[in-house]
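Right, one structure below, let's go through it.
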């Protein structure tokens, strides 16, 4: 039969795959004989198409060999019981498959079952799993007993005997088991086993059944990621079975050796495999895998050198239908190197045989790789777009949630409780669901014989049995495209960079999803052919999950209610690639919202719907937790505030009316909203000055844009005054030097250019003043300040000043060309005198001592007149001739100085000058005399006015002082009082610069007075504790009512017993509060900013007498507020009125507390009588008057009883007095009611005088009382001494009471 196949068909390089197919069903039926899986595969042949031509050829080949199938079925039927044992046993058993085949042939009873199974295998395509079992190895180990029988079937294609031994066993199974079968196999096996085109096909356990010749040659030089499944196969393992024994050592251990084990056949097989299979080239990348991962193998690189191997057009392979789909989707290039690490252990004993690979297949593989890379890039771009859409959606969701959070306040606590309850319920429900799912999975595993979707992965399992168990245990599987190691590393680097960027941009709520995304770095990104699948670990405690990407079957209901594409993986998980730790998973599960089930999923969402689902999962979780925490903190604060409010209400009922009553104060806070908009605009402007650098954003100082103002305020703008100064300098240049240049010969041809330069510089200043400044000056029209450019320009053009400015700039200099440079042509420049006068006014307005400038200006007028006269004198002398007469200038010395001296003597009329001789000289001299008299008289008068204005205040002070002294002398006031008055005048004048501020305030409007009062007094009044919390406008109104008064040292500000109608605020200086028995003891010293007398001012029910004397310690300036003015203000501010009354009541209560210590008996209470003494008294009383020395002890005992009764009565009287005083002193300052004398009851003890109002402690009256106690107490214990105030405030009455009289009163 085999010879016929060899003659008809070309030599198939993958014939060992046929044996793999035969070996695959063996473990299937072997582990699951009782589950009756055979009828089920016949029902499910349709969902798995067979698109590839090579697998189609493999299927008919299986049909042509019916006798092999039953034998293989038998082998599989008996291989099952040893699967679990082999998982724990040593992996290597070289002749396991062949031996198992022989043993099963010895059983004719199983021939029918095996033949039926092989026939069923024709109909049902057998899927081959490359490495899905390796990925889910841990999950599969959790329940090998449950699902091992089902998972054995797909592993048949990757069985250890798939390469060479499988064909041998399949052919030996056609006949009875005997030695001749082995001999015949030995002779014909060489014909059946052709040289494989690619070493990866011969090495692979599972993929060889699916790998065809046109696909594999492209990938032998590429690196594929695989994981070491514990490196099971040792050296003695057969080369044929070696790659398969590595993934599933348990299967080999379970197979029993046949009774006739031919050693020759094993040696021959080893020799042939060494020649046929190429040796893999190992790389260091494999060592980077975790050594502790038994279910995975390291990545290996296989180098295959093309040698005399011809390209094969057709390859006959026995391949399952599932593998046909896998070849179409994944390609053989990604599956060839899975078994390379397995062969790594045996590479030392094997010879590397280079094989020739077809170039066409390599090109096809490269094209596929390029396509895959393009698809991956497209997928990444789509993912980035999706992430951007996610972020936008998240921001929108956040905004919506923030709005909802404002509406939800107190409901959060209830929701939190409900969420906890729901979580507990969901946990219970999930546990129940997991149990049900496990049961359903077991049932479905029994019903389903073949997997629905191929599951490929980068992992290689230890044995085909484990792989099959895992594949059967998973009800949902999908094919994952395997990539070479280099491509995988690039993907990992790219994804890591993306994750780093996302971590910087996204918030904490997105970090959970980033950790999930990191887990998918080792997997292949989802594509159209390979959509992603999220894996849900039903045994979450066993270990972390492996990220897998599979296609969820439509008939499988979703495990998790939140995710429809979740794959439940029962069983314990072994060590795998580094994934998020269990602690991280626990944190992620805690962060999930109660609506989501605790499913840990790793995936890159391929659709916007999946992306939305994951975003909601993380965003709602983190946001809910943050919202709940914030809400709880707010609730705690609210509860604290409510408790404080309730306490205040219970303590003082006025608080309720203060807070519950509608307040107009918020209406006054409304204007603050308008200025709030200005900072927003300012911030908007400031944002422009932020500079973004590499990773930070900092604020830089904006460039100062010096722009000329659009309008100028001539009254307050200092820059305009400075400009006027330069204009005045130019004007003075012309006024002073034009006459000099005209009269004196100082302008010559050698320096004419300097004079002209200065002239035209002054002209330029004039021109700027006209064109730039004067046209921008603001002016008042109809009460409004006009700042419009056009109106300001028109106003200047229509003014008289513009006309004078035009005249002063007449271009008479053009006449220089005809008349020469004559300085007189520049006389119009002196017409800009209006700028000079304006400058004087503006400068005097800003100077603190304007009279100084006035004096200087008047002196300048005098000097200028002398300057002009000297120029005229030199001109007259030159007109008549220098030195022609005795009166003219003789030309000796400095001409200007000598002429100036002559002008001074002439104008001041000092005399001593030569007499004029000619008519011209006489007329000129007369004009000089008249001018001098007029000029000097004006100058002297102006000087007097200037000096008088400078001393006007001092003059007023002297006049007031003189009037007051005259008044005091007229009424013969004592000299001491007169001195105090004079001192007051001097101090007030020197400290304030005026005698009465009110005189100035009366002249100003209310707004001006308020502004001045705020600047002067607000800082002091705002620090007063009494007015803190009051309406700010009320304080402003109060400032206008304050009066400033100066007190001299030792002046009484207020005296004890006076009716308090004023409150005092210390502005400067100190005052002392006096008290004590003599009223001279200093109780307290109050400094600037302190307040006293406020209780009398706020007293409601009278009793507002002063309780102490207050004396100025030095010169003290006090602000006084009358009670009448305060009441008028408080009428408009009811809330502030209630607040002030509340504070006044508290002060009264605080001042009433010390009364308990004041009403104390002068004689201190006696110590308790000793018990022994009482016993002696009792005995003496029994003995009668005779005992105890004539009854002295009995008499003493009676006395003690009387004293005790008197003390009790005194205490009752004190309590009554305290009750009365507390009622009467409701509104009195500093418990003023208690200070009123009560002579009606001379027997009750009277308190000593109390201290003044707020800050003064009670006067220490213990010293005088102690002195009386020392004087009167010891000599006469039966006498009671009391001190009570007399009719006058400064008098006290001392009363002495005998005990006998007191006794009668008590009786």
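Placement of Cβ uses the backbone N, Cα and C atoms for every residue, glycine included.
What you are looking at is a predicted structure, and each value in this text was computed from that prediction instead of being measured.
Residues or ranges marked as compositional bias 'Basic and acidic residues' in Swiss-Prot: 165-174 (among others).
According to Swiss-Prot, the compositional bias 'Basic and acidic residues' annotation covers 387-406 (among others).
Under the heading compositional bias 'Pro residues', Swiss-Prot lists 550-560 (among others).
Taken from Swiss-Prot, the feature compositional bias 'Low complexity' applies to 1214-1238.
Taken from Swiss-Prot, the feature compositional bias 'Pro residues' covers 1250-1261 (among others).
The region 'Disordered' annotation in Swiss-Prot covers 1-101 (among others).
Taken from Swiss-Prot, the feature region 'Disordered' covers 126-178 (among others).
Per Swiss-Prot, the feature region 'Disordered' maps to 193-262 (among others).
The region 'Disordered' annotation in Swiss-Prot covers 320-458 (among others).
Taken from Swiss-Prot, the feature region 'Disordered' applies to 470-625 (among others).
Residues or ranges marked as region 'Disordered' in Swiss-Prot: 648-681 (among others).
According to DSSP, the secondary structure content of the region 'Ion conduction pathway' (850-949) in residues is 75 helix, 0 strand, 25 coil. Feature annotation from Swiss-Prot assigns region 'Ion conduction pathway' to 850-949; the stated evidence is similarity to another entry.
Look at Swiss-Prot and you will find 1026-1130 tagged as region 'cNMP-binding domain', backed by sequence analysis.
Annotated region 'Disordered' per Swiss-Prot: 1214-1307 (among others), in sequence order.
What Swiss-Prot lists as site 'Occludes the pore below the central gate' is 944.
The topological domain 'Cytoplasmic' annotation in Swiss-Prot covers 1-720 (among others).
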Item to check | Same-chain residues near the topological domain 'Cytoplasmic' (774-788), Cβ under 8 Å, at least 6 residues beyond its ends | outcome: 709-714, 720, 795-797, 801-802, 805
Next on the checklist: Among all protein chains shown, how many Cβ atoms are found within 10 Å of the Cβ of residue 944 (site 'Occludes the pore below the central gate'), not counting that one?
Outcome noted: 10
Next on the checklist: If I take every residue in the topological domain 'Cytoplasmic' (1-720) and average their pLDDT values, what number comes out?
Outcome noted: 53
Next on the checklist: What residues elsewhere in the chain lie close to the topological domain 'Extracellular' (743-751), defined as a C-beta under 8 angstroms and at least 6 residues from its ends?
Outcome noted: 821, 823, 871-872, 874-875, 878, 895-896
Next on the checklist: Under 8 Å between C-beta atoms and at least six residues away from its ends: which parts of the chain pack against the topological domain 'Cytoplasmic' (838-849)?
Outcome noted: 714-715, 718, 720-721, 724-725, 727-728, 857, 950
Checklist entry - What are the DSSP helix/strand/coil residue counts across the compositional bias 'Basic and acidic residues' (387-406)? => result 20 helix, 0 strand, 0 coil
Checklist outcome for this item: Near the topological domain 'Extracellular' (809-824) in space but 6 or more residues beyond its ends, with Cβ under 8 Å, are 738, 741-742, 747, 752, 755-756, 759, 763, 766-767, 770
